[in-house]
Amino acid sequence: QFQSKILILTICAAGIGGTFQYGYNISIINAPTSYIQTFMNETWLERTGFPLESNMILLLWSFTVSAYPLGGLTGAVVAGPMAIMLGRKMSLLLNNVFVIIAAVLSGFSRMAKSFEMIMLSRFFTGVNAGVSMNIQPMYLAESAPKKLRGAVALTSASFTALGLVLGQVVGLRELLGREESWPFLLASNVVPALIQLTALPWFPESPRYLLIDRGDRESCISALQKLRGNSDLSAELEEMLAEQAAVKGQRAKNPWELFKNPALRWQLMSIIVLSSAMQLCGNDSMYFYAAYVFQEAGIPQDKIPYVVIGTGSCELITSVTCNMIIDYAGRRPLLLGGYIFMAGWAIVFMVALSQQTQISWMPYLSMACIFAYILSFGIGPAGVTGVLPTEVFDQMSRPAAYMICGSLLWFNLFLVGTAFPFIVKSLAHFCYIPFLVVCVCTALYVGFFLPETKGKSFLEISEEFKKRNFKAQTHAFFYKGPEEIKSTVL
């Protein structure tokens, strides 16, 4: 019992300052939008004597919003080298420095009469989220026992959803959502950072990192004993030593080396497809539509923020449910089911939007679609996507794989954020067609090409992918016979 307590506390300590911040910082910016725009206008008026035109305010605001994914992209790129040089735990601890800088900038922005400080603060907040989105699932999956690996790594998605809901709650008018308190709302992300800085140092580093990257067997055994208590460690240690032998003499790979390596072709293709689909499936755009649909359904304007909390809670409930069933159901069924359901709901949603004004009960159907779409996303794609890079890559390729994953995730978030208003403008009620295509294509890819990784060791998963990678080569002209395959078994 004691060791499971240590594992649970490690998960909480890593999560609160990790992916929790990603969800929290995405949602706290929504409540004070109009107040910050007013502040930008007043500051400009004070500086120049002229007020800003409305399209200039919109441009400055879009800079402020897009600074977050830009920071995220930067964070995703530095996360790989950080994880290799500093270790998983130390990287998470150091990552809090970015949030503390961001909180100081946004907290004092009104006092300093500088909206540029808010933009810079959003950039640093993004860097923090970019690092934690890559390193937290890696740290947790490497610290978890094999039979719980999926559930433990998936807690990253649960913390994101928890952050999203708490950000919506703290942004309510009754708490920090009033005009005079927006600097405090933006600076409130310093609290989870301080909690992590206090708690995480007490917990062990990833045992896999200690043994395979550092070659420190004593520290690895001591970390395992802390995490597993008195249970028999021999089988787990044997498996780690086999993986250590498999990567002996190798150094941590760079992202471009993964693209050149034919032995990683299918692994790379899988994480590229799934990381891109996670942002291109239109889940975040559902939040964009939520307020409009709820208004059409006759919910009073001042009650809409409370209903929007319901949408965030949906994602939280499903990611916790997914946590419980991932190691029973497996990764493929959850991904496949999630994308198939999302494709179905996207069709119903577009029909409902087009009939919104004609049929009286259509707004309620649109409302149901929003909840159903978010539930379908939460049950599979939201969590499983973050677990896969840990499972399908070996210790030396894993940080580079997360760099690729994270960069795609943030680039696509930026892309969807920029393009969605134009998609709505040109396709009107049928704006979900691009997302529908993404969901269908991803479901087909998962159905035909993605192997199940549930309950397998990292070496067994690696073997399964090797068979696929070199099956394709049997038809290629440079195939040299079975010797080549033998030499790449480990």
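Cβ atoms are placed via backbone N, Cα and C, with glycine included.
Given the ranges 293-316, 365-388, the record in TrEMBL names 365-388 as transmembrane segment. Looking at which of 7-24, 151-170, 182-203 has the most CB pairs under 8 Å to the transmembrane segment (365-388), the answer is the stretch 151-170.
Residues 25-26, 29, 33, 36-37, 40, 52, 91, 98, 115, 118-120, 122-135, 255, 399-400, 402-403, 405-407, 409-411, 413-414, 417-418 of the same chain, all 6+ positions outside the transmembrane segment (58-80), place their C-beta atoms under 8 angstroms from a C-beta of that stretch. Here the listed stretches are 92-112, 118-139, 151-170, 400-424, and the one with the most C-beta pairs under 8 angstroms to the transmembrane segment (182-203) is 92-112. Residues 14, 17-18, 21, 39, 75, 82, 86, 118, 120-125, 127-128, 131-132, 135-136, 139, 182-184, 186-190, 192-194, 196-197, 200-201 of the same chain lie 6+ residues outside the transmembrane segment (92-112) yet bring a C-beta within less than 8 angstroms of a C-beta in it.
Against the transmembrane segment (7-24), the recorded stretches 118-139, 151-170, 400-424 differ in Cβ pairs under 8 Å, and the greatest number is found for 151-170. Same-chain residues lying 6+ beyond the ends of the transmembrane segment (400-424) with a Cβ under 8 Å from its Cβ atoms: 65-66, 69-70, 72-73, 75-77, 79-80, 83, 126, 130, 133-135, 137-138, 252-255, 257-258, 267-268, 271-272, 275-276, 278-280, 282, 284-285, 288, 389, 392-393, 431, 434.
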